Ligand SMILES: Nc1ncnc2c1ncn2[C@@H]1O[C@H](COP(=O)(O)OP(=O)(O)OP(=O)(O)O)[C@@H](O)[C@H]1O
């Protein structure tokens, strides 16, 4: 298990590094900047030593001025190059964010529909933004400085050995100590980041659920209980985050102490060498400056483990999401006019252990109208979801024109259907945009669709007419009006097969009667599959099926003319 995890992490690390390889030119530019900065900073301690030994100790103002100006010149070059390096770095960081963001968005559009049944939108959003943000940290300065660190360490060691190899041994002492600390703390941090991610996910899932259920919370006075729950869970999460951040704080403090330990040891031995004439005072000052070049980057280099410990749990989750199964999109093309018939052949379906549909068998030909009735939870909507390929049968086969539906290109296949459902989702746009779904339409086309769906009167009563915005998921319109918008959309799309899943469940009696008339007259050439609980809607249907205990049974004429709402 542990080994498996390690292999996954290794694979993911390779993937991350591969994604960085797209930015060869930028990384090359940054490396060049670092090379120049390394060269100038390599020379700076030598200049400081000259100011001390040849300038201050020999009271030579000319030397002090010359070397000070040189030092200032180097600093100016370093800062200018720093600006160029920042530009390149930000370019890489933005590209990486955009790349991950676009990959994730595309995946969300293609991932199997079941993914959305397991998590609410808040949870998905939180999970994705956290993971993308964390993984984008690979383009963090800390990691980008990797090359600079290595260069600094090499140049620093050359400088140190040049001044005194004995003192250099003191500096080398830092490596095993820092290595041991980084290993210990990074393992701890990885576990803590994992725990934080899990807990934060659970909280955002709960939070999303709470926002969606705000009406019920107010109606049933659940505010106090919900607030208590929130505080309890948020406290737990904050404790975990505190623990995680404490690991970084401990690491920083130990780093600081280690730095001072080395500095004190250098003063001790350096002071001894000055007293015994083994080294000049300027030499000791230069040595201590060089030692900072080496100890800082060594710490930072070994801290990479800590940075990756923060990134890896998110990277593992993000890449496993990106590897998740997608809807199969490729296949044969089909045009709407080519549709002849659809057939369910012994189709069975189960949600986990629960069998919903058992050996469903029926055929529908072009122009036929079929009604499906059945008790709540009998599986009617599930049957539609199988039809539009949101779900896949566990057994059996659904055929279109004698060919399994998965053999068709999904885009073409879905273009055969128009859907009006009981819980239609409307975007927070205008009524026009919700009906046209981005398609350019003539005003009279829109007007006709509104008239047929019974929406005209409502639209005329609005201050902005068809341009009126309707809020998140149509929060500013009624249930019946929502269904009429969905119906107008389906009419305009003019698809050969129309699926009506309790399409009039929220409509008034008059609108419901208009709808029945619409099916009989305007939609007489369309193939219609209608789920309904209202017997009045059965008028004009060619055949009626009842779904009961997972089985689909054809019912006869006795169903027509029954009272409303069975
Ligand atoms: N994602 C899911 N996981 C587990 N069970 C599910 C899931 N979705 C639906 N179900 C169950 O499957 C059964 C069929 O649901 P479906 O929505 O197809 O019924 P329906 O006939 O359309 O019901 P209604 O008339 O109430 O709209 C129900 O018992 C439901 O609880």
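Cβ atoms are placed via backbone N, Cα and C, with glycine included.
Keep in mind it's a predicted model, so treat the numbers as computed, not measured.
Listed ranges 202-230, 231-259, 260-288; the one TrEMBL annotates as transmembrane segment is 260-288. In TrEMBL, the transmembrane segment annotation falls on 149-175 of the listed ranges 95-121, 122-148, 149-175. Annotated range for transmembrane segment in TrEMBL, selecting from 27-51, 177-201: 27-51.
Range annotated as transmembrane segment by TrEMBL, chosen from 63-83, 294-314: 63-83.
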